[in-house]
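J.: Below is a structure I'd like to ask you about.
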Amino acid sequence: MNLISIPAFQDNYIWLLADEQKHCVIVDPGESAPVLAALSQGQYLPQAILLTHHHNDHVGGVADLRRHFPEIPVYGPQETANKGATIMVTGGDHLSIGGQNYQVIAVPGHTLEHIAYYSKPYLFCGDTLFSAGCGRLFEGTPAQMYASIQQLAQLPDETLICSAHEYTLANLKFARFILPSDQDIATYQQQIMQLRAKNQPSLPVKLQIERKINVFLRCDDIDLQRKIGVISPPNSLVSVFSELRAQKDRF
């Protein structure tokens, strides 16, 4: 499989996953022009569009893409029904597109009906899990978002996190503020600074790395808890996550 990140807007990524026959799926096309350019350049044949949630920077290109490809199915949660989705899916569904299987995972938090698509090893998680961070809570609760990212954290180490935004450096800056002595975070920050200086994407990233450098996946860390002022037992970490997310919002 060939995974392509298509830059859009200021910091979005639209994902394109293609097989050897050049058949591809398009994930979260916030605008159509860069997608059409990538399809033309690579001579790819789109088989489906996958939507993770209803925000315009993820769905804005659907209508125009459907004008170019009238028969293309557009999968998405119910909240995307009026944003161009033609087939509604929900957590627990399984899709087969061009010989590639996708597991639909419900990940409420950023929005109430947000979903992710997992096709081993690729995880298209929209605005739920970012490299070194997680999405803002526009509709859901901290408990929902924490449960969602914990669910994603159970996937295999080799899972490739395909987030929808290039937020990694900003997230690592916050992570360094929370855990200034953490060597894994410090080292990774330097690596990503070098990548971004060359205008190269920081994504996808292996889940194995995220477990080390993403503070939202480390709510059980006692140093982190002391830093944010919320000490909590391992079986009750939502309060830690909630305060951590609030501090990131203010950072």
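Using the three backbone atoms N, Cα and C, a Cβ is placed for every residue, glycine included.
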J.: Given Swiss-Prot annotates D57, H58, H165 as Zn(2+) 2-binding, which of D93, D127, D182, D184 belongs to that site as well?
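T.: When Swiss-Prot describes the Zn(2+) 2 site, the candidate it includes is D127.
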J.: Among H23, H110, which residue does Swiss-Prot annotate as binding Zn(2+) 1 at the site that also has H53, H55, D127?
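T.: Zn(2+) 1 site check in Swiss-Prot: besides H53, H55, D127, the record includes H110 out of H23, H110.
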J.: Have a look around D127 (Zn(2+) 1 binding site) and count the other CB atoms within 10 A of its CB, chains all included.
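T.: Summing over all protein chains shown, D127 (Zn(2+) 1 binding site) has 25 other Cβ atoms within 10 Å.
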J.: Determine which residues of this chain, when D57, H58, D127, H165 are set aside, have a Cβ within 8 Å of the centroid of the Zn(2+) 2 site's Cβ atoms, and list them as they appear in the sequence.
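T.: For the Zn(2+) 2 site, the extra neighbours are N12, D28, G30, H53, H55, G126, A164.
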J.: About how far apart, in whole Å, are the alpha carbons (Cα) of H58 (Zn(2+) 2 binding site) and D127 (Zn(2+) 1 binding site)?
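T.: The separation of the Cα atoms works out to 10 Å.
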J.: For H58 (Zn(2+) 2 binding site), what is the tally of other C-beta atoms lying within 10 angstroms of its C-beta?
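T.: The answer is 26 other Cβ atoms.
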